[in-house]
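The domain 'Glycerol-3-phosphate dehydrogenase NAD-dependent N-terminal' feature in TrEMBL is assigned to 4-158. Residues or ranges marked as NADPH binding site in TrEMBL: TRP12, ARG32, TYR49, LYS106, ALA138, ARG253, LEU272, GLU274. For LYS106, GLY134, SER136, LYS189, ASP242, SER252, ARG253, ASN254, the entry in TrEMBL reads sn-glycerol 3-phosphate binding site. Annotation source TrEMBL lists domain 'Glycerol-3-phosphate dehydrogenase NAD-dependent C-terminal' at 178-314. Residues or ranges marked as active site, proton acceptor by TrEMBL: LYS189.
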Amino acid sequence: MSAIAVVGSGAWGTALAALYARDGSAVRLFGRDAETIAAIGAGRENPRYLPGIALPASICPTADAAEALKGASLVLLVVPAQSLSEVAAGLAPHLRSGVPLVLCAKGIEQGTGRFMSDIVAGALPGRPLGVLSGPSFASDVARGLPTAVTVAAADAEAADALARRLSTDSFRCYASDDVRGVEAGGALKNVLALAAGIVAGRGLGASAQAALITRGFVELRRLGEALGGRPETLMGLSGLGDLVLTCSSPQSRNFAYGAALGRGEDVTTLKLAEGVYTAAIAARLAAKTSTEAPIVETVAAVLSGGLTVDAAIQRLLARPLKREAG
Ligand SMILES: NC(=O)C1=CN([C@@H]2O[C@H](COP(=O)(O)OP(=O)(O)OC[C@H]3O[C@@H](n4cnc5c(N)ncnc54)[C@H](O)[C@@H]3O)[C@@H](O)[C@H]2O)C=CC1
Ligand SMILES: O=C(CO)COP(=O)(O)O
């Protein structure tokens, strides 16, 4: 099989590298952190981001972008959303034309409101793009546990081809031509997972948790549609599917971050929680599109320090009553 280059050697990049290496692809894993790259090469483990999970010996880790991308027929971009613009621009000299880029981050660029596909279309114009998103914890995928995700491309046949290429025996990819819907689902579920974590951390109970997830999904769907996604996509793996996963498991870094906030703990040492960076811009996009998104707005206000957790809960509960379908 042809070579896959994975750009980003954090938890998700390492997991995807392990997935495709086990599936028989030649995989090069590029990371900027030479220490982590050396550790992966020497110990067949990513001690910083996926400790305790054995990685296939066939993964070729490298800190050299040119080496990683040389001859690759598929490139997975797996760096955090706020770094994607810088990383994509740095890859330009090393990328062959026509090689598909698959965007695996879940977020919205803070300063600009751009989704991942907009960022890469700007930094690397004219490249075929796909977006991969859905319920998939890195540690599950790295261990070979099964899941299903969505792979989107603007052209339906290109999406079908990418989904075939990215599917393995344990990783089932559904194709979609709704790029924005898939991106919006992946980005917004992180903000709602923060809210679900806050509810859990504050000890508000399972009933509140279910209510929050359900109303959170209404917001994900409403805002996702306002931003150009289709309802059926937002009800799919990248929206509802990933929302269910991350709102119900402390394995989610966003949920864990929210839970720590809910318990009143220090959050400064916690792992990357993309929702922390997406919340404010998602709230701004809701305002810009006149979309009602009270949970997203409340999460943004708590994160900015404008609202305490208790005041946030009171604010959501005291909203004017309304019809459920509205
Ligand atoms: N961890 C998970 O279970 C999943 C994560 N994702 C998404 O994948 C994206 C990446 O997440 P993780 O790998 O989990 O994060 P992580 O925090 O584990 O790793 C981030 C990696 O990106 C690298 N990086 C950061 N800024 C960089 C820059 N400017 N240049 C080069 N490399 C840079 C870091 O060195 C690190 O290797 C996020 O958007 C996340 O939402 C998606 C699905 C599952
Ligand atoms: O997106 C994910 C699983 O699908 C990972 O979620 P967290 O970033 O909250 O851990």
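Using N, Cα and C of the backbone, Cβ positions are placed for all residues, glycine too.
SER252 (sn-glycerol 3-phosphate binding site) has a Cβ environment of 24 other Cβ atoms inside 10 Å. For the binding-site residues ASP242, GLU274, the largest tally of other C-beta atoms within 10 A is found at ASP242. Candidate binding-site residues: LYS106, GLY134, ARG253. Those with a Cβ under 6 Å from ligand 1, in sequence order, are LYS106. For ligand 2, none of the binding-site residues lies close by, meaning a CB under 6 A from one of its atoms; the full candidate list was TRP12, TYR49, ALA138, LEU272. Sequence-distant neighbours of LYS106 (NADPH binding site) (same chain, six or more apart, CB under 8 Å from its CB) are ALA81, SER133, GLU183, GLY186, ALA187, LYS189, ASN190, ASP242, GLU274, listed in sequence order. Within the set of binding-site residues (ARG32, LYS189, ARG253), the lowest number of other Cβ atoms found within 10 Å of a Cβ is recorded at ARG32. Here the domain 'Glycerol-3-phosphate dehydrogenase NAD-dependent C-terminal' (178-314) has, by DSSP, the following mix of helix, strand and coil residues: 99 helix, 0 strand, 38 coil.
When the binding-site residues TRP12, ARG32, TYR49, ARG253, LEU272 are ranked by how far their Cα is from the Cα of GLY134 (sn-glycerol 3-phosphate binding site), TRP12 comes first. Of the recorded residues, SER252 (sn-glycerol 3-phosphate binding site) and LEU272 (NADPH binding site) place their C-alpha atoms 10 Å from one another. Model confidence over the domain 'Glycerol-3-phosphate dehydrogenase NAD-dependent N-terminal' (4-158) stands at 97, taken as the mean pLDDT rounded to a whole number.
Across the residues the record lists as binding NADPH (TRP12, ARG32, TYR49, LYS106, ALA138, ARG253, LEU272, GLU274), the two Cα atoms farthest apart are 22 Å from each other. Local packing around the binding-site residues ALA138, LEU272 was summarised as the count of other Cβ atoms within 10 Å of each Cβ; on this measure the leading residue is ALA138. Each residue contributes its Cα atom, and for TRP12 (NADPH binding site) and SER136 (sn-glycerol 3-phosphate binding site) those atoms are 9 Å apart.
Using Cα positions, the member of the binding-site residues ARG32, ARG253, LEU272 nearest to SER136 (sn-glycerol 3-phosphate binding site) is identified as ARG253. A separation of roughly 14 Å, to the nearest angstrom, links the Cα atoms of ALA138 (NADPH binding site) and ASN254 (sn-glycerol 3-phosphate binding site).
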